[in-house]
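Quick look at what TrEMBL lists:
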- 52-76: transmembrane segment (TRANSMEM)
- 88-109: transmembrane segment (TRANSMEM)
- 129-151: transmembrane segment (TRANSMEM)
- 189-227: region 'Disordered' (REGION)
- 195-207: compositional bias 'Basic and acidic residues' (COMPBIAS)
- 258-282: transmembrane segment (TRANSMEM)
- 288-311: transmembrane segment (TRANSMEM)
- 323-347: transmembrane segment (TRANSMEM)
- 353-375: transmembrane segment (TRANSMEM)
- 396-416: transmembrane segment (TRANSMEM)
Amino acid sequence: MVAASNSNGRISVYYMGVVLSAFRPGRKLATARVVKRAESCQTGSSKPNYSVGLHVAALAIILFVSFGACAFPMLAVRFPRLRIPHSFLFFVRHFGTGVLIATAFVHLLPTAFVSLGNPCLSQFWTVDYPAMPGAIALAAVFLVTTVEMVFSPARHICGDTRGVTQMICHQDSTPTGHQGYGATASPVEALEGGKSSDSDPHLRGDYGVRSPISRQSTAEGPEMVTGTNAVNREGAEKDVPDVHAPIVLTPEQRTRKAFLQCVLLEVGILFHSVFIGMALSVSVGNEFVILLVAISFHQCFEGLALGARISALSWNPDAKQPWLMALAYGCTTPIGQAIGLATHSLYDPDSEVGLIMVGTMNAISSGLLVYASLVELLAEDFLTDESWRILRGKRRIFACLLVFLGAFGMSLVGAWA
């Protein structure tokens, strides 16, 4: 018996001059891979013990929890008669920051890698480029950065007809009074309920906070400040604009900036909420009960975090927009549940289409939330100069502990949902 291979990679087995068998190893390997993919893929089909009434009740529960959690901070600000202590809102804000950070890193990004790395998918996702979820999340970060640059109020503040940008703008008086619903405090100040102690607008950076360069200049002593004033006076005499002074946003521009940040935050949350609802509606048995409890906590934590940020913005007393934003958050997951109810016999999150769709959307959402939670929330609340004037001593330590507690709690929920 002799085995021989030709130039095409075909192996033939001869016995006394007769070809007993011939095959190509690669073809069998490819066939085995296709069979493995086909066995691992699932398609929508009617599930045993599927209770429509139970899933409708779950839809109502999630709707109530989501909208109620998001609207509660706004109710506390809008109706002082409720006597909600300010410490509760402080707790919700910083606890919610940790929740959103954990949502991005523990819930969304790992789920995207699991979905797009499933053996059910083609070789492109599993072998050729398994890092695709990370690339999609990175693209989302760049996208939201570009959007914020394009719509930034500082982009349109001042200009010089000779081509040199004039960077000095005048700031209105320091706002006082009630935060939210008509207040004009900066984002950090509105969130913390405190007033800025620095009234010099020329030592304040973007968002009305002192920039790191300004802080360094102040630390180096009065000589540098005096020198800077002299240079500014000399520049004014020569009619040359000062291009090194920081931009100071007006209260209206700060409000627009904070509103844009809040919208981007909500978009990042809403992107994945539909698929959370769909996954809940196609589950049955013990998996359904566990998912319902975990998603209820998930929606409650996220809703409180988002509602705290919305309530900190400056709204007119009769404004409907904050309530519409809360309603949008409250309805998105139930909409996903309704879609899952209608298509539970057709849609399966473990099918090839379901895996790609869920994985891609989770990757996009993770990128949006990574940017929003780290840049817009964590850095704004703890790293800006204004935050160092508002959050001091034990208050700052307590706020940091709340962030860690929120991240830990949401990471724990990630074991089930």
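FYI, residue positions are counted from 1 along the chain as it appears here.
Backbone N, Cα and C define each Cβ position, glycine as well.
Counting Cβ pairs closer than 8 Å and at least 6 residues apart in sequence, the transmembrane segment (88-109) and the transmembrane segment (258-282) reach three or more and so form a contact. Segment contact is absent for the transmembrane segment (323-347) and the transmembrane segment (129-151), given fewer than three CB pairs below 8 angstroms at sequence separation of 6 or more. Long-range neighbours of the transmembrane segment (288-311) within the same chain, counting only residues 6 or more positions beyond its ends whose Cβ lies under 8 Å from a Cβ of the stretch, are 54-55, 58, 61-62, 65-74, 76-78, 89, 92-93, 95-97, 99-100, 103, 107, 180, 191, 262, 265-266, 269, 276, 279-280, 322, 325-326, 329-330, 333, 377, 406, 409-410, 413, 416-417. Of the candidate ranges 258-282, 353-375, 396-416, 353-375 contributes the most Cβ pairs within a distance under 8 Å of the transmembrane segment (129-151). Through the fold, the transmembrane segment (258-282) approaches residues 47, 55, 58-59, 62, 100, 103-104, 108, 144, 147-148, 151-152, 187, 190, 288, 291-292, 295, 298, 302, 306, 309-310, 312-314, 325, 328-329, 332-341, 344, 347-349, 357-358, 361-362, 364-365, 367-369, 371-373, 376-377, 417 of its own chain, all at least 6 residues removed from its boundaries and within a Cβ separation under 8 Å.
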